[in-house]
Amino acid sequence: MNRKKLQKLTDSLTKNCKHFSKFEVKCLINLFYNLVGEVTERQGVIIGLDRNAFRNILHMTFGMTDDMIMDRVFRGFDKDNDGCISVTEWVYGLSVFLRGTLEEKMKYCFEVFDLNGDSFISKEEMFHMLKNSLLKQPSEEDPDEGIKDLVEITLKKMDHDHDGKLSFADYEQAVREETLLLEAFGPCLPDPKSQSEFEAQVFKDPNEFNEV
Amino acid sequence: MGVALTRSAQWTAAGHGAKTLEVTPLNEAIVKEIIMFVESFIYKYPQEANYVFVEPLEWKTNLDPSAFGSGYAVSGTTVKSEEADKNGEPLLYLSVPQIKIRSFGQLSRMLYIAKNMKLKEAQACIEANRNPVAKILGLDYNIISEKIGNSFVSNILDKITKDDDSESEIKMKIALQLKQLDLHLLNHSLKHISLEIRLNPGTVKNDIELLKQFSGKGKQTVLESIEYTSDYEFSNGCRAPPWRQIKGEICYVLVKPHDAETLCVTCSKEGVFLNGGKTDDEGQINYERKGEIYKDLVTLLKEKSAIFSENMSKQEIKFSEQPQKDQPNEAPKEEVAITHKASVTSRKSTQEKNRINLGRSQLTKRLEPSLNWRTSVSSKDRNTLRDTQVEKHGGKLEKSRSSVSPGRAQLIRKSVEKIEEIISDSSSESEEDEEQPDHRQEANADLPSEYWQIQKLVKYLKGGNQTATVIALCSMKDFNLAQETCQLAIRDVGGLEVLINLLETDEVKCKIGSLKILKEISHNPQIRRNIVDLGGLPVMVNILDSPHKSLKCLAAETIANVAKFRRARRVVRRHGGITKLVALLDCGKHSGEPAQSSLYETRDVEVARCGALALWSCSKSYANKEAIRKAGGIPLLARLLKTSHENMLIPVVGTLQECASEENYRAAIKAERIIENLVKNLNSENEQLQEHCAMAIYQCAEDEETRDLVRLHGGLKPLASLLNNTDNKERLAAVTGAIWKCSISKENVTKFREYKAIETLVGLLTDQPEEVLVNVVGALGECCQEHENRVIIRRCGGIQPLVNLLVGINQALLVNVTKAVGACAVEPESMMIIDRLDGVRLLWSLLKNPHPDVKASAAWALCPCIQNAKDAGEMVRSFVGGLELVVNLLKSDNKEVLASVCAVITNIAKDQENLAVITDHGVVPLLSKLANTNNDKLRRHLAETISRCCMWGRNRVAFGEHKAVAPLVRYLKSNDTNVHRATAQALYQLSEDADNCVTMHENGAVKLLLDMVGSPDEELQEAAAGCISNIRRLALAIEKARYS
């Protein structure tokens, strides 16, 4: 990509993304192209990170392990649903992922947890997401009993309108009462440690791009 | 003995002043051993017994000098041994009550002399000399003797050959002896410790032995294998190395269950837990605790291995059959009758117990395998169970007694315990039960539904990943954690261990959730203790270093709750918590931090507030106050005090108020200009804040400069106006306290009068709690020093309530009341009222109060009363036995009491008739006895009394006979003019007697008096001149007699 185009892209992204400075946007764009590798730009071919590459990043950089959640995070980033994260999606996604306000993060997390995208987190979805969260007690007759119970506990805690599923309103209210419930069904945000490591690594050496 | 004394002996917790040994059997045993060692020293090592210590052992003794016989020079209150060192200094020197001893020979003899007070003396000696080895051998030898322990004899031989003078050889020998004693003591205390513990080596051993029998290949066995990590067994039955034994660890076991990895388990007296495992390379064990503590091995394995718990319940039936089989074989072995009985009782109880056990396993297994079974047994079962427990306990006591003598009883003991260990899980449980019977029972009697829900949540906490844990934590938080049932339920189902464990993980969210719960439940005193017992505090202290502010806050807040008792506060300090908490206060520093903050974060101010909150709790211990100061807490607190957040100010002022009891804090508070802000906050709306500010002022206003500062910053007006609100008694107590201390300065009193505070104070003399009354009366006492105020108090009718308070029992209150009444009595008009209310009689009867402060204060108050009462002589005589009481108080050993009583006697003696009576009661010899004092206050009043008492009969001569004159002459060398005046007057009176003149002359009074004649004080001039003229006149008369 030529310099001019890059400059333009940086400017437009910086304008639309309030959580990053121009320098930071530039770093992220650089990182993106480093990750994608040298692909010659051709018409019709989308440049971007595919599912596996992205999952790899989530796993290696942010220490995520849950396959399902990672898939959902990918979906969260991939706004146009083309199976590939473009540079714009990358910067926007990271903006919420790293620096999002509570509101933005709630929205993002809810989308991640809402597996089928019907704007509700249903019991089944919860069960699905929590099914590996308990050590199997071999003594128990029904190994899923604990999970089911956990789902009930969660519903009791979060389902304010008692309709047996979580709407965004339910979720939002619960999170506002107790921030710990933001990632109630699995870690889908970076933990503070890997986040600061990532930022330190990516946004280093400001002198090199001293244009801001 | 150094090591044994520092590690094993149970010292009382740090308090003010010197530590003392607690009265425990272990300590007594240690002291006895030391006595035995010292007593036999003189016979065993006569040469070494003559060795002179580098420094003497010095302590306060109760020995009477008269107890020392031949070999000692006894004179009055001092004793010197005839035995002396090279320089001629005695090896034993006793000057009541201090004793100094410098050789083992003398120590032995002293113990011999002490007879049945041996134990006390030895204990006092050990308490006063915390490092006796260093004193005996000198510091360098102390280090050497440490080394001996490591690389034994070779070193010593080297040392001896190197410097081959005989003294160092003897020193070495002594060092060796002491080292041996030390080892002996350590062994001894280990023996003791191992007897007291909950799981003892015996039960653990038998547990393991029995499990071994049922281990092996195949499906019926409970375990694949179980074995010790070490084959060597110490004589006390432990296999852990001695330095771990000190921590209560007994042995380490490798267990291989059928369905799990090999477990490396530590058995300790507290219970059984998973340790860090065996490291492969060296075969070393990582001793650190990795899992939670179970009460015994079986419980731990049941938790870790499903097959074990399944097979175990099958085996239990077999186990219960076993004792009966063993019975015939056992009988011949039983040699000691006691142990026989013990084994029988315990066997009986075992059978009963097993029956219950069986019932339990059938009954509850289906419902809830991990449940504490007792919760499901009906109360009737419980009763029978308790009976068996009591019975069993009796058996156990005897058993442990027999185990003191090892060897012979060993065999029998094994057989006894073999039966017992089968049910050992419930046995250790029962002991725990006995420790805290009240609450367990309560929980069992009527288990609320919360109990079961919490139990379930704790299960998820234990067995869940991060996500499940967070959900469980959030759900647990929804319970009413302020309710004791929930608090105790969390503890009883093992939740505390898990919550504390979570704090050690890396998961920020889990830590936050766990702390949020701990913060709430730690309001319960029992839970606090449990948290400390489980080692929760060091973990929380570590969290204070975390980069996450909300974590810091929560940890600090929890510490604030937990550190409400002394042991906890000590733990916080020992783990460096104070420094970290003080660092939290320093919030302004990082103001330039990035604007964006992570989700769970809170503001810096909040961090500082929580830090202050925790420091407030911690600052109730003396050593912590010191630590806060050293960590630089005062300037930070001073800075926080400038903020205007009430939430912040309360803990900050609270901490300051708590710390201001220390002198150097008060100085620092003055230096940091804190008073200004305290005064400012008196005007706050918050009652609690006002209270703490007033309290802080109360503490600080001991200092005159501070009192002035309070006035200069306009603090007196808010204090006076706060008096009008009397609903909040705590605040009222603090405010009146501040007023009391402030009114010690005259200028402040004037201000208070302006603000009409005195009238209000008088109004507070009735219907107030004692804490308030003490301060109110104290303040009035100070105000009464001025005429105008005394008039105000009388006009407001303050005298009646004051006199009424003379019948109280609160010591502090009585001291203040007597002072106030005394001050009022200066006014003749007020005195009439006091007299009418019979106040003098009440004051007089307070002379019988056991507290010396009250006695003295009452006596001082009596002086103006006698001065100003109409017909004082008659009044004094009307108190039956009153004069005798006063004279007898001259036998007191409190200087203040003596001085005040002297002053009273001076006033009494103004009446000739009364003077005659007290002379009959023997006032002269008693006063003469007091003459040898260095206390200027006492000297002054004593001299005044003597001069007054000279007025009767042949008292002048009597004072001379009782040798009071010579000491009086010495008073003239004092620096106090008041003493000079009183003394000169006394000497003038005494010089009317010729013999006294001779004594004075002999003691060089003339020259001293000549100097006094030049004094600007006229009374002094006159008295001195009169005295000199009397002496001179005598000289002239003698000369005249000689020449005529």
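Every residue gets a Cβ built from N, Cα and C, even glycine.
Swiss-Prot names A:Asp114, A:Asn116, A:Asp118 for binding Ca(2+) 2. Of A:Glu104, A:Glu125, the residue it gives for the same site is A:Glu125.
Neighbour counts were taken as the number of other C-beta atoms within 10 angstroms of each residue's C-beta; across the binding-site residues A:Asp118, A:Glu125, the minimum falls on A:Asp118.
Secondary structure at A:Cys84 (Ca(2+) 1 binding site), as computed by DSSP, is strand. Same-chain residues lying 6+ beyond the ends of the domain 'EF-hand 3' (A:146-181) with a Cβ under 8 Å from its Cβ atoms: 102, 106-107, 110, 113, 119-123, 126-127, 130-131, 133-134, 137, 140.
Under DSSP, A:Asp163 (Ca(2+) 3 binding site) is assigned to coil, being neither helix nor strand in the three-state scheme.
Ranked by Cα separation from A:Glu89 (Ca(2+) 1 binding site), the binding-site residues A:Asp114, A:Lys165, A:Asp170 are led by A:Asp114.
Other residues of the chain with a Cβ within 8 Å of the Cβ centroid of A:Asp114, A:Asn116, A:Asp118, A:Glu125, the Ca(2+) 2 site, are A:Phe113, A:Leu115, A:Gly117, A:Ser119, A:Phe120, A:Ile121, A:Ser122. Per-residue confidence over the domain 'EF-hand 2' (A:101-136) averages 88 (mean pLDDT, predicted model). For A:Asp118 (Ca(2+) 2 binding site), the nearest of the binding-site residues by C-alpha distance turns out to be A:Lys165; the candidates were A:Cys84, A:Asp163, A:Lys165. Of A:Asp80, A:Cys84, A:Asp114, all annotated as binding-site residues, the residue with the shortest Cα distance to A:Lys165 (Ca(2+) 3 binding site) is A:Asp114.
Same-chain residues with CB within 8 A of the center of the A:Asp159, A:Asp161, A:Asp163, A:Lys165, A:Asp170 CB atoms, the Ca(2+) 3 site residues themselves not counted, are A:Phe120, A:Leu155, A:Met158, A:His160, A:His162, A:Gly164, A:Leu166, A:Ser167.
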